[in-house]
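Asks: I'd like to ask you about the structure that follows.
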Amino acid sequence: MIFITVVVLFLFSSLGAVFLFTCVDSSADGVLGRLRKVVVDDFPQFLSNAILRICGDRVHRSVVECTNYSLYEPNPLMQMVYLLLVCGGYGFFLFYGQPYIPNLFISSYHTICVLFLATASLCTFFQASTISPGLLNERTLRWHNHYEYDGVMYKKDTECTTCKVIKLARSKHCSVCNVCVPRFDHHCGWLNSCVGERNYKSFLAFIMTNAVFLMYGTYVLGAIIVSEVITLQLFQSKYVDQSTGEPADATYFIVFRYVMHIHPINTMLFFVCLVMGCALTCFSIFHLRLLLQNRTTNEYFKQRGSSK
């Protein structure tokens, strides 16, 4: 139970940190603005100073180099985490979840559906990871010059100070990949690549397929757990109060704890799928909204920042 609680708390705290980092401006008034400044700006600086004082310059320099590599340089770390989550999660499901299918709520064909969605998620991941977002240089400028300059965010005859090429409308220089990308959306650590003109459709397929996979996994695992509760008649059973040793009637909390005791892996997978599935579904809806508005993530945050 402690392990599952730690996993759930880690998921919620990670999602909260991502929300603060991507959706909240540290200069904004209010609780969220101050919280973002503390979590994203002040705390890392405090931690850096503490490491420098306690461990010395050599250790501090190594920590800074590792942090910069993880956050600000192209690396496969998040891709490895994704593969570990999907392959490891599906492996756990095969050993701990699939034996309980069929049950009271779902039939055996759901195991094939889970396999299909897991395979589809991995296929869209590899496709989105390997397709180039498009790179701007003197040779490729004419291939990506599709958009009009608005004179506000995008101005004519502006040169990228790093790449020394003309900045096309809706393009941007990625500080992580160190290249100019046409119709730049954002840099995606999960793909170890920018999302731009050439791979945006693949990126959409990737996040939407994984959102469906996670929400479907939530449904299947929830059906397994609820079926076990009904089959074992857990709400009709008596339990022993550990503090008094006396028999006690079933409550939702007691049954929940008992389910976590007899099905810890399935319960953990359920919460992982639920939390990450909801987050990825919201992210997919956000990108579909941007698609309908013909905007990129980069443009969305620029426009939101300029309106304040």
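Glycine too: its Cβ is placed from the backbone N, Cα and C atoms.
TrEMBL labels come from automatic prediction, so no person has curated them.
Residues or ranges marked as domain 'Palmitoyltransferase DHHC' by TrEMBL: 156-303. Residues or ranges marked as signal peptide in TrEMBL: 1-17. Residues annotated as transmembrane segment in TrEMBL: 77-97, 109-128, 203-226, 267-288.
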Asks: Cβ under 8 Å, sequence separation of at least 6 from the ends of the transmembrane segment (109-128): give me the contacting residues as numbers and ranges.
Replies: 82-83, 86-87, 90, 93, 98, 101-102, 190-191, 193, 199, 202-203, 205-206, 209-210, 212-213, 216-217, 220
Asks: Report, as numbers and ranges, which residues of the same chain sit near the transmembrane segment (77-97): CB under 8 Å and 6 or more residues beyond its ends.
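Replies: Cβ under 8 Å, 6 or more out: 70, 114-115, 118, 121-122, 125, 129, 189-192, 217, 220-221, 224, 263, 265-266, 269, 272-273.
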Asks: Could you give the mean pLDDT over the domain 'Palmitoyltransferase DHHC' (156-303), rounded to a whole number?
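Replies: The answer is 91, the mean pLDDT of the model over that range.
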Asks: If you run through the domain 'Palmitoyltransferase DHHC' (156-303) with DSSP, how many residues end up as helix, strand and coil?
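Replies: Residue counts in helix, strand and coil order: 82 helix, 20 strand, 46 coil.
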